[in-house]
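Annotated active site, nucleophile per TrEMBL: Cys310, in sequence order. Annotation source TrEMBL lists active site at Cys313. Marked as FAD binding site by TrEMBL: Arg103, Thr105, Trp116, Ser168, His171, Arg203. Positions annotated as disulfide bond by TrEMBL: Cys47-Cys82, Cys310-Cys313.
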Amino acid sequence: MWSPVQRVSLMSSTLFSSPSKIPVGIKAGSSNKYSKVANNTKELEDCEQANKLGAINSTLSNQSKEAFIDWARYDDSQDHFCELDDERSPAAQYVDLLLNPERYTGYKGSSAWRVWNSIYEENCFKPRSVYRPLNPLAPSRGEDDGESFYTWLEGLCLEKRVFYKLISGLHASINLHLCANYLLEETWGKPSWGPNLKEFKRRFDPVETKGEGPRRLKNLYFLYLIELRALSKVAPYFERSIVDLYTGNGEEDANTKTLLLNIFQDTKSFPMHFDEKSMFAGDKKGAKSLKEEFRLHFKNISRIMDCVGCDKCRLWGKLQTQGLGTALKILFSEKEIQKLPENSPSKGFQLTRQEIVALLNAFGRWFQTEFEFAQ
């Protein structure tokens, strides 16, 4: 399949014009380091462990470095019609995903919750007066176990309900992979990784989550169906002879494309996964406005991911977010994909190397999740 080495921008503060404008509430390590809490020995140890487990392994072979230069030269010769991250920025890094698997890093607590709270509260079309179930940052609501939230959610239009379910599914995916690859123990500097059932139950068990866990898993499955649908819709883009998935090795490129087309063919053999035509189907002016709002909200979420304080968490969070964003781009570009020329560069629809890598790696994470559930 596609080379596991991909470009991932780890630029921080991209949501704001300068670091000083980043809200204190979502900055990593914003608490007073001289306070009593900050000097708690246990918390200091946890922080040290999180920094160690969350560090990025940036090791690359000379062959890989030379290949990246060749890839960049090839990409620059192609026509692009979408906004790209600045890969030449000193803050951007090449990362080998095989050396940096998604797993538990020790990044947790209020810092992580503030990032997700910003994502849900600021981008999921939700009024401040409505609180998500089990949100530790929300005030106590007595006997309300989330019914008021879901009553509000069901009252939204289809597009906004879909948006929330996708973000919830993305959140569940990240949590599930951390539970599946957890630091069980560390002896003489050698960590032992494996599934943590206790942690899984804490996040997804119906009793421990007051019924919220199963909803999260259903949203994860919905996310998987959306991605599956996108893969089946984008097949014509890759079936064209002009698309060669260039890496510099002609034989491997041809084999990669053959394998990729086989995957697309398999996705077509499944029944309808999701009918995206039911979205943005009302009044043209209103639908266009809602679609743009949908796009901008999701784009803002991808920027918030830059505020994650753990390098490895940010890496996988951004990759899966970009993968989902690419899937949405595909689903809402059906007409442009159908009009693609067979033997000339794309003029109405284009996927960058980053988008392709994110799309396939994100689907790989979600497919692995579904496979694990089936065992």
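Using N, Cα and C of the backbone, Cβ positions are placed for all residues, glycine too.
Feature annotations (TrEMBL) mapped to structure.
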residue: Cys47; record: disulfide bond; CB count, 10 Å: 16
residue: Arg103; record: FAD binding site; CB count, 10 Å: 18
residue: Thr105; record: FAD binding site; CB count, 10 Å: 20
residue: Trp116; record: FAD binding site; CB count, 10 Å: 19
residue: Ser168; record: FAD binding site; CB count, 10 Å: 22
residue: His171; record: FAD binding site; CB count, 10 Å: 19
residue: Arg203; record: FAD binding site; CB count, 10 Å: 19
residue: Cys310; record: active site, nucleophile; CB count, 10 Å: 22
residue: Cys313; record: active site; CB count, 10 Å: 24
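Closest to His171 (FAD binding site) by Cα-Cα distance, out of the recorded positions Cys47, Cys310, Cys313, is Cys313. Distance between Cα atoms for Arg203 (FAD binding site) and Cys313 (active site): 18 Å, as a whole number.
Cα separation, Thr105 (FAD binding site) to Cys310 (active site, nucleophile), rounded: 8 Å.
In this structure the C-alpha atoms belonging to Trp116 (FAD binding site) and Cys313 (active site) are separated by 13 Å.
Taken over all pairs of the listed FAD-binding residues (Arg103, Thr105, Trp116, Ser168, His171, Arg203), the Cα spread reaches a maximum of 21 Å, rounded to the nearest whole number.
The Cα of Arg103 (FAD binding site) lies closest to that of Cys313, out of the recorded positions Cys47, Cys310, Cys313. If you take the Cα of Cys313 (active site) and the Cα of Cys47 (disulfide bond), they are about 15 angstrom apart, rounded to a whole number.
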